[in-house]
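S.K.: Here's a structure for you.
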Amino acid sequence: MDIITRFASSFAGLWRNRRRPQNEDAFNNRIQSNHDPEITAHQVKKYLQANPDFLDGFVMDEIQLEQLERWMIRKTQRTRKVTQTEKNGRKTSLSRWKFCVHADKRQMLQDLIHSLQLRPTKMHVLWELANCICSAVNADGFRLYLTDATEAESLHLCLSNSFIDENGDPKPLQIKSDAVLPNYVAKVRENLRLSRGDVDHRFPRDLLDRSEMAHVMCQPIVYPDGSLVAVLELWRRDCGAPFYEEDEEIGCSYLVWGGIAIHYAHLNLVGLKQRKLNDFLLAVVKSIFQDMVSMEMLVSKIMNFAQRLVDADRASLFLVDSKSKELYATIFDVGCDSKATKTENETDPSKAPNEIRFPLGTGIAGQVALTGEVLNIVDAYADPRFNRSIDQLTGYKTESILCMPIFIRGSVIGVVQMVNKRTGCFNKEDEEAFEMFAVYCGLALHHAKLYDKIRRSEQKYRVALEVLSYHNTCTDAEVEQCLEVGIPQKIPGVDSYDFSPFDIDDHQKALYSVFMFKDLFGLGRFDQNSIIRFTLTVKKNYRRVPYHNWTHGFSVANTMYSIIKNCGAVFRPNECLALFIGSLCHDLDHRGKNNKFMLDTEAPLAAIYSTSTMEHHHFNQTVTILQQEGHNIFAKLNSSEYKQVLSLIKHCILATDLALFFPNKAKLTNLVDEEKFSWTISEHRMLIQAIAMTGADLSASAKPWEVQTETVKVIFAEFYDQGDEEKKAGRKPIPMMDRDQPDQQAASQLGFLTGICVPCYTLLHRLIPETKPMLNMCNENLKTWQKIANENAK
């Protein structure tokens, strides 16, 4: 008899005491006309088939929810081809069902959502889900077997409804489960029901004989993608009934929604971990670029986070010493608890090791450093690669280890080692998170090493500067000697363009320089001792090269002194100061090689200054001398004047680069030719200062012939030295610098005077007529070189 017949029988019994709705009149008239005292099931069935609206209203008004649930389950069973019920011939008893309480699953979903909001962890969602199913199927208890990330088909953590902490939260047991039924379900991913005494070829007959569990049902809990989360084991005692297929249906209906909740709980956990990792990585990057500290502090910061990242009890970082082929660590106990730190070494500080060192390939860390592969060790003492000496040294017991290499440019620079995970063993998630972390560890350590190198280099630079300043700074005895000899009160002919620098020695040149400074600027704004000290140190910082030496520096300063003395007030006081000091210092620390040679040989100076290489260096040397104690001749100038004078000195020294002479000359010539030059315009004054500096620098060509020829000798001596260096480097020097072509001297001088010197003095004379003697002498020397060149050509 089908379900509608059963309903008709029930309906016939209920009909007599029914409420009479208005649409029953037709049915009553029919009964009265047939004079049928009893309503048969067939009549009811026929009527209901013809009037489905009446059936719908009656069910909604008269039938209890529990009865509807029974009908739904029976109907579901009928639609199956083969069911366990049919095989066993069991008559379903539904009196025990609790499912009707949760027939509307909205309550269950609301509970899960609430649980996710309060405690968004997979463990709590599983706990809530298991409790709901246990109640729904009227089980006496349950156990949850959780999978381990490292072994997907092995159940390691057992969670029972009887294990909760003082707060009522689930408390997982730290045990590996060997339960047969849950492990089987984990493997096959299928539901399983078993009762004591059942014969099942898959399991021993006495599987439940020694257990309080008389009836068991196991169900896999999976993510939406099908991967296993856990196995739920429900059980009943002897007094309870076996689990039937409808119990599975109930459990599955919960697990569909519960699996989604667990999935999102897992995503939430992953998101939290990722956010935590991202926050730290941001902190690492900030540390690298904003508040770089020592290597020790950076390592401590890295280890503290790494220990929290994978919930390890202890963290260590070993760096690779590529020279000795060793691993070493100065910080190796980050995160260790109080028991671990209370070692014998602590009571005697002299025994505490400052550093741990061991060869590559030794121990777990040594193996990782050697192979570059990640090692996840569950039992350290069972692994033959484990080096127990560290534990013996520190008094700490190592159990589980996660060890990962840190790479920079494909090479292992260190090894991070996590020891003793607080909950279980290190898993795949720990490895993945730690792998990303290790990349940033490498970046941080690499930059920290660079920072340490820079800091050490800076200290070495300071030491070198201290040593050089001692050897390249005048002594107090030299200053006292100058004061004893005294600065000349008058020097005949020193302001003449014909003055010869070869007539006095180096010490006299220093005294003459101080005299010229005092004569030009007085001592109202300057200290004589500072001037003497500055001048003596400048003398000392000119190298002993054939031409660009102290004699040349003094000669250029003397020529500029003559220009300033003879030209009246065309230059302002601070401009005069910059012109004279710039001339005196314009070739400081010259190496006897030109800028092109510096660039071609990739000299360190060329890497710092790509243009006007040596001239930039000369200015920086000037500033370095001014910064030394007792050497600041501008100390009494106010801040504005000080900045202006330094800026002008830099302009003057850079102007001695002949590469800048030609554009300067072209600009100034155009201004003069077009009668646009004005002494009131700052840019125009800067141009005439630059031309004046070139004129003073080349003043040997405007000296009497005896001084000219003596200067040319040392110039070519220096040229030939550079040519020799170029030959050693495999390059061919220009003829002027080739000592094997001495006949080129006259021709080169002829070209030099014609192309540079005469145009320079001609332009200078047009703006400062008082410099005419320099132009005249240069033209006379040009005629002499022309004669020599003509004779050589014969």
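Residue numbers in this text run from 1 along the chain shown.
From the backbone N, Cα and C atoms, a Cβ is placed for every residue, glycine too.
Unlike curated entries, TrEMBL annotations are predicted automatically.
Just so it is clear, the model here is predicted, and its values are computed rather than measured.
In case it's useful when we look at the structure, here is the feature table from TrEMBL:
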type: DOMAIN; residues: 475-792; note: domain 'PDEase'
type: BINDING; residues: HIS548, ASN549, TRP550, THR551, HIS552, ASP587, ASP697, GLN749; note: AMP binding site
type: ACT_SITE; residues: HIS548; note: active site, proton donor
type: BINDING; residues: HIS552, HIS586, ASP587, ASP697; note: Zn(2+) 1 binding site
type: BINDING; residues: ASP587; note: Zn(2+) 2 binding site
S.K.: Taking the Cβ of GLN749 (AMP binding site) as the centre, how many other Cβ atoms fall within a 10 Å radius?
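M.R.: Around GLN749 (AMP binding site), other Cβ atoms within 10 Å: 25.
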S.K.: Which chain-mates of HIS586 (Zn(2+) 1 binding site) that are at least 6 residues away have a CB under 8 A from its CB, listed by sequence?
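M.R.: Result: GLY553, VAL556, GLU615, HIS618, CYS652, ILE653, THR656, MET693, ASP697.
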S.K.: In sequence order, which same-chain residues at least six apart have a C-beta under 8 angstroms from TRP550 (AMP binding site)?
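M.R.: Those within reach of TRP550 (AMP binding site), by Cβ under 8 Å and sequence separation of 6 or more, are ASP506, LYS509, LYS539, TYR542.
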S.K.: Return the residues near HIS552 (AMP binding site), defined as same-chain residues 6+ apart in sequence whose C-beta is under 8 angstroms from its C-beta, sorted by sequence, else 'none'.
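M.R.: For HIS552 (AMP binding site), the qualifying residues are PRO501, TYR542, ASP587.
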S.K.: For Zn(2+) 1, what surrounds HIS552, HIS586, ASP587, ASP697 with a Cβ no more than 8 Å from their Cβ centroid?
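M.R.: Not counting the recorded site residues, we get HIS548, GLY553, VAL556, SER583, HIS590, THR656.
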S.K.: Per residue, counting other C-beta atoms within 10 angstroms of the C-beta, which of the binding-site residues ASP587, ASP697 reaches the highest number?
M.R.: ASP587
S.K.: When you measure from the Cβ of ASN549 (AMP binding site), how many other Cβ atoms are you left with inside 10 Å?
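M.R.: Cβ-Cβ neighbours of ASN549 (AMP binding site) within 10 Å number 19.
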S.K.: Using all protein chains in view, find how many other C-beta atoms are within 10 Å of the C-beta of THR551 (AMP binding site).
M.R.: 18
